[in-house]
Each structure stands twice: as structure tokens, then as C-alpha cells.
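**Q** The region 'Disordered' annotation in Swiss-Prot covers 1-50. The compositional bias 'Basic and acidic residues' annotation in Swiss-Prot covers 18-42. Marked as ATP binding site by Swiss-Prot on the basis of sequence analysis: Gly91, Pro92, Thr93, Gly94, Cys95, Gly96, Lys97, Thr98.
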Amino acid sequence: MTNSSRERKVRGSQIRTSRREKQDKNARNRTEKELTRLENHQTHRTKNGTSKLDERFIPEEQPFIETEAVTQVETRMRRWLDVGRPVHLIGPTGCGKTALAMHVARERDRPVVWINGDADLTTSDLVGEYAEKERISERDKYVHNVVKSKDIVRDRWVDNPLTLAVREGATLVYNEFSRTKPVANNVLLSVFEEGVLELPGQRGKSRYVDVHPDFRAILTSNSVEYAGVHEPQDALLDRLVGLYLDFYDRETEVEIVRAHVDDFDTEDTEQIVRLMRELRERLDVNVGTRAAIMAAEGLTTVDDLDRSILTDICVDVLASKVAQHSDVHELRDEVEATIKGMEGTLS
């Protein structure tokens, strides 16, 4: 055997070894690419590049009334949102906080993400968690008559609303913010101050998400005297712009009721709003604009209205706000006295 043939044999051996190394390397590369794809899955983009935020649930758009009183609050909200500050709307139940927050959020022409706070909400509910499993199956037939099989099962991270909003530059509407326990909301501190969201439970570089420059937040809360309200920690409140709201003026409430209740006479609308505003002053329970809307809806079903029917409707609307059955009798007495004492009440 010549030296050249030996060299060819050696060269052939090297080629076969190199080919196996290349196959193994390609297999590793495919696996690494697939793992990278999974790491990047939380960007939540569809194939055509549109955001999956478009598919997120947000409350159905409701009629919104623009009066001078409403516009003044809107202007104040936009002032702070324009400079990147989160806005915290605080006020009694039924004064229109949520409707205002959703309207201003939609007007920004950015995606809107909705969170509804409650005592059971956790940090994971806000940011996400490893909530799914994904299996990767690989079949390598590169070498003739040789099949390599490999299955990889790994946890898959699923983003929740806050993370989606931060990534996409959406407007976050966090309704009933103060009903969530303060410890769950700690994650907001770095979002509002450092512009970084930390994902507890994530690993490696994926643990931190830079806040999109278009991200904004609007939070709503009932006043602290309401049951079930947790007082947020001072460090977080220090980073929020607080706007305290009360019930709108009579003219605005009339327009709101008219917008929500079709086929209801204008004069009747004015009278039911007047009645509810009077009850608001006399009763210990909260009588919001929503109560006036509900009462007007009930009145649209009545052909021959009398004082007894009007009393029934008002008591039905407000009875869920009293603590026990015995309080309903006192409520009815107050409603009857108020109706009797008002001139020009619906008749």
C-alpha cells in the first residue's frame, strides 16, 4: 500500500468523523433554535406581526358623555399620562371612575389591557407564570437507515396582563386596584420608577422586561372607607398621581342616564336624577349614578306609574346595599318620605 493510499484512508476516516460531528452539531443547533423560539414566545406576536393584545378581553364600550365637568377631569388625566405618570382615580362606587378610565385609555389609540383587582389576586396573576408544558420532538434521518429520536419537555412561561401591557406599550386599566392586597402590587414599584418589570419565577435574562415607552397606567379605587379596600403602601402611592372624584353635577348625571336608557322621556330623566340625588343626601348607603340608570331602566317597563311603584323600583335598586333584611323597612320608609316630600316627582 502506497503512502498516498494511507493518506486517503486517513482522510476518509477524518471525513466520516467530521460528518458525524456535523450531524451532532446540526442537531444541537436545531434544538437550541427551538429552545430560543420558546424563550421568545412571550413576545406574543402573531405571524402577521399584529399584537395578541387585540384578542384580550376588555369591557364592552359604553356610551360616554362629554360635559364641561367630565372634560375637566379628562384634561387633568391626559396631562399626567402625556408625561408618563400613572394616574390613580379615587372616589365612591358608581361615580364613573371605570367609564372615565376606559374612555381615556381608548382615546390614546394604543392597545388597552384590563385587570380587575380583588383580594385573591397574586403577583403571578399580574405578571405571569410557568403555566403550560410544551414537548419538542426531533427525528433525525440525516444518515441512511439511522433514525435519531429526541423528546424535550419543558415548562412554558405565559404572560399575564401587566407583562403584556409593559411589552406592547399598551394602556393598563387596573380597576379596583385597592382591592388587591399590597404585597401583590409590589411589582409595580420598579415599573413606575425604574422602567423595568421583574418577573418572579422567570429565569436568566428573561426575568427582566424593559417597559415600552408608550406604556401607561390608569388605576381606579374606591375610597378607603369602603369594605374590602386595602390601603396601598406609601412607596407605591408616592409614584402615582391621585385624582379624587365625586359624583358629577346634576346636568351631567342627566346626560349620562339619557345616554344609557333609550325611550325614556327627558323630563322623567331629570326627575329620577333629582330623586336619586336627594336620596344620596338622606341615606347612609351609596347612591351612585348607576343607581339612577337602573331606576330609569325599571321605569321604562311601567305604563301607569304611581307612588307605590316608584317606591318599589327605588327600593329594589338600593336594597342590595343594606346589611340585612330589617334594614329594608327603614330604607322603604326613607324612600317613601323623600318621594312624598318632592314636588314634581314622576307621576
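A Cβ is built for glycine as well, from the same backbone N, Cα and C atoms used for every other residue.
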**Q** Taking the recorded ATP site as Gly91, Pro92, Thr93, Gly94, Cys95, Gly96, Lys97, Thr98, identify the other residues of that chain whose CB atom sits within 8 Å of the mean position of the site's CB atoms, giving them in sequence order.
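**A** Apart from the listed residues, the neighbours are Thr220, Asn222, Leu245, Phe247, Gly288, Thr289.
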**Q** Helix, strand or coil for Gly96 (ATP binding site)? Use DSSP.
**A** coil
**Q** Tell me, if you would, which residue among Thr93, Thr98 (binding-site residues) has the fewest other CB atoms within 10 Å in the structure shown?
**A** Thr93
